[in-house]
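Peer 1: One structure follows; several queries about it will come next.
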Amino acid sequence: MSGEKEEASFRMFGAYGEPEESSDVPESSGVSSQPEPQVQQQLGSLYGVPWQPPGPLIQHSPADQETSMVTQHQWHLQGLGRSELQAAGLPDAQPGEAAESSPSFLLGSEVGQPYSSSSPSEEVLSLLRAIPPIPDEVVVRQKRAPQGSWKVGTLLHGKRVYAVAISGSTHHVYTCGSGYIRVWDESVLHAGDKAPRAQLDLQHPQDRVVTCKLFPDERSLITGGASQAVTLWDLAPTPQVRARLTSTGPTCYSLAVSSDARICLACFHGFVEIWDLQNQILIRKHEVPVYGSRCVDITGNIFWTGGEDTTLYSWDLRSYQRLHQHNLQNEILSITHDPGEEWVLAGLRTGDIAFLHTRRNEQFKAVMKKYTRHHSLKFASCGSYFVTAIDTRLSGLEAPSLQKLFQIEESSGILCCDVSSDNQYLVMGSNSSATIYQLLY
C-alpha cells in the first residue's frame, strides 16, 4: 500500500555470538526481545542456506562454548550448507528435522534403533565406478568468510577522513576529506608508512567530501559533500575529474550507484537527485521527508532513504511513488544491501541493525542497544559476511548466522569503512588517518 505507515513488527535477537550488553536504551513497548524459531528460519533463508534449530545442549571444550551454549540472551544459529550435506551423503536438512548424526537418529526398523545396512553388491559398485568424476569448475563451493584480520598499516591523510574506498583490482585506496582526496597505491599494503601516490585537490579549498562510491568496474569514483556538486573521477590511467554535476543543494550526505553504473542517487536535505551517469544529466529532483534524508541506497528499481525521523522509506525508481515506510524506532545512520540485492540493512543510532527483505514481507533486527555517533555498514562482495563499525569498534559478521568472525578496536572513532571487492582488505577512516587490515582466511 503506497504511502501507508507500517509499524515495526520486527523480531528481535542478540547478535555477534555474545550476550547482549546491558541496555541504557528504553525498551520499545509491544516488541518482544525474545528469539523465535520463525525469525531464525527467516535469517536462514538469506542466500538459501537452510536453517537448523538448536539441538540439545552438548558439552564442548571451553573454546567452543561461546558459540555452542544456547540461552535466552544468546541465540546461536546453526546451518549446514547444501554442498556440505551432499558431500556427506545426506539429504538436505529441512527446518525442524533432527540434525544429529548419532546412531539413535538414523533410520532403523524402529525409532531409536541403530541403522544397519549390508555391503553394496558388485553390480552396484561397478555402476558407481562407471560414474565420471565431476569437474572442479562446475562444483559449487561455499563462499568463505574471514576468520581474523591483521593490521597492515596507517595512511596519514592529514585531515579527518569522512569517506574511504578501496579497489579490489588495483588495491588502490582513496581517502576523502576537506580540500583534497589522497590516492594510495598497492605498495601501502606492504608498508603502511608510504607516501600517497597522488593528491586530488577539490575545486575549492573549503570543499569537503563526506561520501564516495567506486563504480562496479572500479575505474571511476563518484564523490559528494559540501561542494555544491557531485564529482565524477576517472581513476585510470591517471586520476582526474571527468565531470562536475552541479547540485541544487549545498551538501550531499550520501550517494548510491546502480549495479550497472547508469544511475546515481545523491541524497540532500529533503530531496534526492537522480542522475543519468552516462549522459551526465539530472533526471529528477525527488522530494523526500526532510528528516528522512540522511542516507540513500538502491536495489534494482527501488531506492531507499532514511534519517532522523526513524523511518525507512522505499520508492519506485520508475514511477517515483512511495512504496512503503517502515518505522525502525531509532534514527537511521546508514543503509546498505547484500550483493544479491535481496536484503537491505539499516544501521541505527542504538547500534542495532535492521534487516528488511526487498521483495517479501520479512524483517528482523539484530539488537545491540548501544548508542553511537557513527554507524557504518558494508557488505562484502562475496556475500558471506559484512562489517559494522560502531564508534571505535568494527566487527565482521557472518551471513546469515550473524556469528562474529573478527573484531577490531581502534583508538579513535571510525567514521567510514570499505571492503575490497576481492575480499582481501579492509580500510577504515578516522580523525586524521585511515587504517588498512588484511583479512585472514
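Glycine is treated like the rest: Cβ placed from N, Cα and C.
The annotation compositional bias 'Low complexity' is assigned in TrEMBL to 25-45, 108-119. For 1-66, 91-119, the entry in TrEMBL reads region 'Disordered'. TrEMBL lists 202-243 with the feature repeat 'WD'.
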Peer 1: Any residues 6+ beyond the ends of the repeat 'WD' (202-243) with a Cβ under 8 Å from its own?
Peer 2: 162-165, 167-170, 172, 174, 176-181, 183, 250-257, 259-261, 264, 266, 273, 275, 277, 280, 421
Peer 1: Helix, strand, coil residue numbers for the repeat 'WD' (202-243) per DSSP?
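Peer 2: Grouping H, G, I as helix and E, B as strand yields 0 helix, 24 strand, 18 coil.
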Peer 1: Find the average pLDDT over the repeat 'WD' (202-243) in the predicted model and report it.
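Peer 2: Averaging the confidence scores along the repeat 'WD' (202-243) gives 96.
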